[in-house]
């Protein structure tokens, strides 16, 4: 009995000493409640998700930059901008030839204002002799009664050069998704032609609104509809995003859901707006009040640079969509393999 009692006392002393040492040791944590365990698990999960999101974002940036460098985005954007500029003069002449059939319906002052504007634009691209001897007599002849041959030749040249610019976009977007050669030359050219016509329709509706601003709508609508002006720029942005997403969607031979192209469309629109503001600031600071011999070339150079910015924004947006397709497809494959 005495031996058993000593053994029990010894065990009690050892357990008391161990618990005292455990409470004194800062490395040993006390027992956690269920709520504390959940909070700690949630914090660890958020940390893992944050690091994973950062990794995905970094891979998207690397993939986008790699695609832009690999597929010569800057050079192809210059090609697209050149053909876009090339399509403007014949398009204006075709429109002038069409207006010639209905000049009697317009005020003579408006017709003369349009005539002076076309001649001024032509003078920025051509020599003064060419404008006086060729452009001005032809334009006067067209505006007096309309010329079907001018309309036909003008629209043919405009459609050829404009669709050639969109053909650059379609080819580059297709190659960025790794599907180069899946669509034939004839189909690609036909798609570029259709998209150019769609771009003309969209531009006819959107560009005047963008250039005129909300003031044009305010003058056209009654005062009680002034609240609609709040939606002016959002509507313009939505129209542009929808057109860009449609361009990306139709350019890829393998059809995906239309909404998958929205990231690139949104990025392209933002890059276009930022690039336009930067270009405007640069031209204002460097070319305003310039009296150099290059003054007459300032307007066409500015138009070419602006179209170059637009083309770069569109192609980088396509690279963003291709990066999303590549990176997110890899993430889905990795998660599927982890579940299996």
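Residue numbers in this text run from 1 along the chain shown.
Using N, Cα and C of the backbone, Cβ positions are placed for all residues, glycine too.
Marked as compositional bias 'Basic and acidic residues' by TrEMBL: 1-12.
Annotation comment: TrEMBL describes 1-31 as region 'Disordered'.
What TrEMBL lists as transmembrane segment is 80-102 (among others).
Remote same-chain residues near the transmembrane segment (150-170) are listed as 76, 79-84, 86-88, 90-98, 138, 142, 188-189, 191-193, 195-197, 199-200, 247, 251, 311, 314-315, 318 (criterion: CB distance under 8 Å, separation of at least six residues from the stretch ends). For 150-170 (among others), the entry in TrEMBL reads transmembrane segment.
Sequence annotations record features per position, and here TrEMBL assigns transmembrane segment to 190-211 (among others).
Taken from TrEMBL, the feature transmembrane segment covers 231-250 (among others).
As annotated by TrEMBL, transmembrane segment applies to 262-283 (among others). Same-chain neighbours of the transmembrane segment (262-283): 237, 240-242, 244-245, 248, 298, 302, 305-306, 309-310, 312-314, 316-321, 324, counting only residues six or more beyond its ends whose CB sits under 8 Å from a CB of the stretch.
With a cut-off of 8 Å between Cβ atoms, the residues of this chain six or more beyond the transmembrane segment (303-324) that come close are 59-61, 63-64, 67-68, 71, 73-74, 76-78, 80-82, 84-85, 88, 165, 168-169, 172-173, 176-177, 244, 247-248, 251, 260-261, 263-265, 267-269, 271-272, 275-276, 279, 283. Taken from TrEMBL, the feature transmembrane segment applies to 303-324 (among others).
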